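These notes are about the structure you will find just below.
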């Protein structure tokens, strides 16, 4: 082996001397000289890398011989080091391949240059040559080198992935090699799967000059829309809310059903737009007068209810010997209720009968909006829960101070949002809408675009202030409602079809996280947990509302409590973050997921029973 290393050193020196000789040779053209030097450097690098791999293999053999086969930790560390070495070797091999491709390109340039010296280019050839050079410059300008720029950053890991090409539709046969190469090079829409079984699709191509489409996402949307129609239709025929059908559609297409949805993240992201526009429509129906009427009750009710849930969770955790961080997270997560779901219940609902009375829809929506604000605060506090998980006293004290700081920050942010709303109401909203209305006569595109832009502006502002994007959407609708009933009706007519379509995607995305097999396996415990949670939230809400509502409005506490007696779909997001952070275990995460889903499915039944008893018949007909 030593003789091979000696020969290798001799060859490397000869290659270096040859490269110097080529650099000094002025008879060669610039492209040809660059090609020859590049080829010699690639060969040198390959020899050095081969030597490095040999040393790594010998070192690994020595470590394995010295290790104890009974020491699992040592064996695991050795395996991890070998895996890292293989990943680095694969990346270096990939880079070497790219360099060889570049060398081949330089060789072609040299051949073209030699041919150009022997003949005069025609006018067309000159034009094409100029275009080729301009295209090369364009590719160099838009090339981001994202891989090279990011691989050395902190927190970046080298990961091995599988690249899966899409099958041909006819008979599932693979495309021929030339077609495969064309798809790989030109489209780049292969599926990548890492060692954790996460699946990836292309988000930004290397060549931005060619248009691309994510056909997986298109097929997923087609599947969701086509199956939502019969599912929603059947539920309507049997007297159930159509949202049941949309959730069932997600179950059938999701991982627990046909598993045909490939772009789950993209579908769920599109569904989030349904939440935004739902809250915008809620704000349109929720005038500032109603907001001023219930803000105090809503703030007190949502805070007291959350504190009661956390207190009850800590008591149960103490009895069952569960860590405080887990119980605080779980109870805070379960204290939230679904705003989009209740908004569907309240479409065209109560407006109050008597002057001075509070109507149940105003109180319920006000409390839900305050819970959305609490959601933003809870997401900000999650790092503190992770620190408290370690049990370190210093980190716990620091975490307590951080929570107080976050509370102060949220109050300042809310004050800034309210000041912005007052400014927009007095200065911008009126002229902005009048301009949109004038420009959209005979063409509603400008009006729809202007309303969507305003919604996105408000959610961007509230997200920047770390409050809640959902609150921004609600405030956008509330600000527009100040312009009068005619404005509200016109905007509603334009936005409602968009809201309805995106809401269908949202409810179908909830079904993607329903796992019937797990529910069937643990049906008894899940039913007990869900019913206990629904009853507990209902009773707590009744107690809180009985204490804070004025005497003339206490009759609405039953309907408001029924609307709050379910768990928000945002528990899916919070649960996944907590599981990744180690706050909750896999088993607890699946329980939270299943209880949330069952509570959402039970919510329409509880709502119908409660409104049938406590809502007057004239109002009940308008409740969906």
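Every residue gets a Cβ built from N, Cα and C, even glycine.
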Give the range, chosen from 195-213, 328-346, that TrEMBL lists as transmembrane segment.
328-346
Between 468-487, 588-607, which stretch does TrEMBL give the note transmembrane segment?
588-607
The transmembrane segment (555-576) vs the transmembrane segment (328-346): 3 or more CB pairs under 8 Å:
yes
If we call contact 3 or more Cβ pairs under 8 Å (sequence gap 6 or more), are the transmembrane segment (303-322) and the transmembrane segment (526-549) touching?
yes
Are there residues at least six beyond either end of the transmembrane segment (526-549) with Cβ under 8 Å to its Cβ atoms? List them, or say none.
297, 300-301, 304-305, 308-309, 312, 334-335, 337, 358, 363, 519, 556-558, 560-562, 564-567, 591, 594-595, 598-599, 602, 606
Please indicate, using numbers and ranges, the residues of the same chain that are 6 or more beyond the transmembrane segment (328-346) and have a C-beta under 8 Å from a C-beta there.
241, 243, 274-275, 278-279, 281-282, 305-306, 309-310, 312-314, 361, 364-365, 367-369, 371-372, 374-375, 378, 385, 470, 503, 506, 533, 537, 563-571, 574-575, 578, 583-584, 588, 592, 595-596, 600, 603-604, 607, 623-624
